[in-house]
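Let me begin by presenting the structure, written as structure tokens, before commenting on it.
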Ligand code: GLA
């Protein structure tokens, strides 16, 4: 059986999670009628339906699912069929109480929410194999089913599991990894605090302990947790593949949950899909959205991906759930689309009356069709319907920002030099600079072939292996521009400090040595001088020893006053920059202007608050422009606006809050946007 690269669908997929089982049969007819009105082309069903599909162990009731799939098919709406394994039924836990996940403090999780299961429990693994296989056997060749949606958001609400099943699997996993207990002792540095082991059975999970637990043990635990989830995914995938050839996905949570390594997961799925929700507390949520979208595209090696869930308006699970304002849903959707999403879906089609998510927005809100949200949903369906020709086109970036889940896991452990240092915060700061400069970014791993990028940004990558550091050094030697933020390259894969000291593995590329970290007190704002300008800087300083680098900024205050803060090093054909503090936004802008000049990266003259992205097709390039500002702006472009069919001659005028997708009259030469 060959698996198609994309669901059998025309154009950009549009739709959402649909839970017909929560509604009486007569509502279904209204649902499909309104879906057609809204231009819905695909819905995800069955994601939380296990208890209604396998009513007792091994006893299936597919009648209602047969009916709804037939109804959708008759109305030309394709199905993304979920396997319901994120939420096993009540009978399962009654029968297998030991298959519940256990918290760190030893409490087995209770029923009544979702996701309480131990992913290591053999009974769970047998059960997911059975239900996924039964669904695939029944619907594997159904013409309506164009995609399989395994599980839901692996890693939440349950990732870590301290149950006996999990601890047994953990010991097996460690034996496979290390081969000998001596290997484990060496990797974990167990000579420290008397943690030496002689027996595998003595190795426990990092549950509650009197003080901070061995960080190498915790890092392995994060890897193990991720791997257990992936093993479950593979069981389901194999069960489906035995009967079905449609592409298979599972919905990620790029940039909202760091517990699973999306680079590894992307290798397992046929199509990357992602769920993204704005953080109400973030007043510029469109930047976080762009990060998530670029990460989704990047982990899938640039291939088109599906935005599996986002919201039409407010969610229900944040402290304050802020509703989207007119036009915001379309801007969000077009930004995902511009960044490579060829499917725009929502949680959920119809707002639920009961249950914990009844205050979550939907395509069809509680207010019904006479509502702004529904009108905008219909309008968006129309817009996406006009973008079919863009499907399959690609985004090309000249700049990569490193994103390594292993480094997240390691840096998030306890007893670090300063709790004010955050990998996430540095990624956002650098990305935000690039976003404001309207420069399109890919994310990458430090071990990737980076030669296609003019510039690579390393935002506080605490864990960097010697091998990956060598890759970055070679990238510079061969002509790349590298910019490295403080607290990078500190430890190896076992959370052990690199021989030679902090950053030693990048010393050649950067031309500096870090003698000592100088974390600052909370609220202590110091300064750096860049040429004749002084900028604020906080959180961190370092005692830097310059070997071959030039000093580009010095500290004006604080423990390292008068000493180098920012350096630039020519290494081979390229340049390595090092920023040993957290400059404010203006300081980072000033430094990055110089970095761009080294890298040959042009800053387009895009008005503030506007983002533009180019998708490149085989026959044409497409400019996606989104105006987050309330003022009208003008951009330089020529072609046809696919949303309005208007001719664009030299100038694209975008009203406040508006979006445009222009088929460009001229195609830029490849690799030279
Ligand atoms: C997640 C889940 C959905 C739903 C939404 C609500 O993304 O996958 O089932 O709970 O959140 O925002």
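Note: Cβ is positioned from N, Cα and C throughout, glycine not excepted.
What TrEMBL records for 153 is active site, proton donor. The annotation active site, nucleophile is assigned in TrEMBL to 309. Annotation source TrEMBL lists substrate binding site at 114, 152, 317. The domain 'Glycoside hydrolase family 42 N-terminal' annotation in TrEMBL covers 17-385. Summarising the annotation, TrEMBL assigns domain 'Beta-galactosidase trimerisation' to 397-601. Among the features that TrEMBL reports, domain 'Beta-galactosidase C-terminal' is placed at 609-664.
Classification of the residue listed as 'active site, nucleophile' by DSSP places it within a strand.
Compute the center of the Cβ atoms of 114, 152, 317, which mark the site for substrate; besides them, the chain residues with Cβ within 8 Å of that center are 86, 115, 153, 156, 157. Within 10 Å of the C-beta atom of residue 153 (active site, proton donor) sit 20 other C-beta atoms, taking all shown protein chains into account. For residue 317 (substrate binding site) paired with the residue listed as 'active site, nucleophile', the C-alpha to C-alpha distance reads 15 Å. Secondary structure counts, DSSP: the domain 'Beta-galactosidase C-terminal' (609-664) has 0 helix, 33 strand, 23 coil.
For the pair residue 152 (substrate binding site) and residue 309 (active site, nucleophile), the C-alpha distance works out to 11 angstrom. Rounded to a whole value, the Cα-Cα separation of residue 114 (substrate binding site) and residue 153 (active site, proton donor) is 12 Å. Its Cβ taken as reference, residue 317 (substrate binding site) is surrounded by 10 other Cβ atoms within 10 Å in the chains shown. Across 114, 152, 317, which the record gives as binding substrate, the greatest C-alpha separation is 17 Å. For residue 309 (active site, nucleophile) paired with the residue listed as 'active site, proton donor', the C-alpha to C-alpha distance reads 11 Å.
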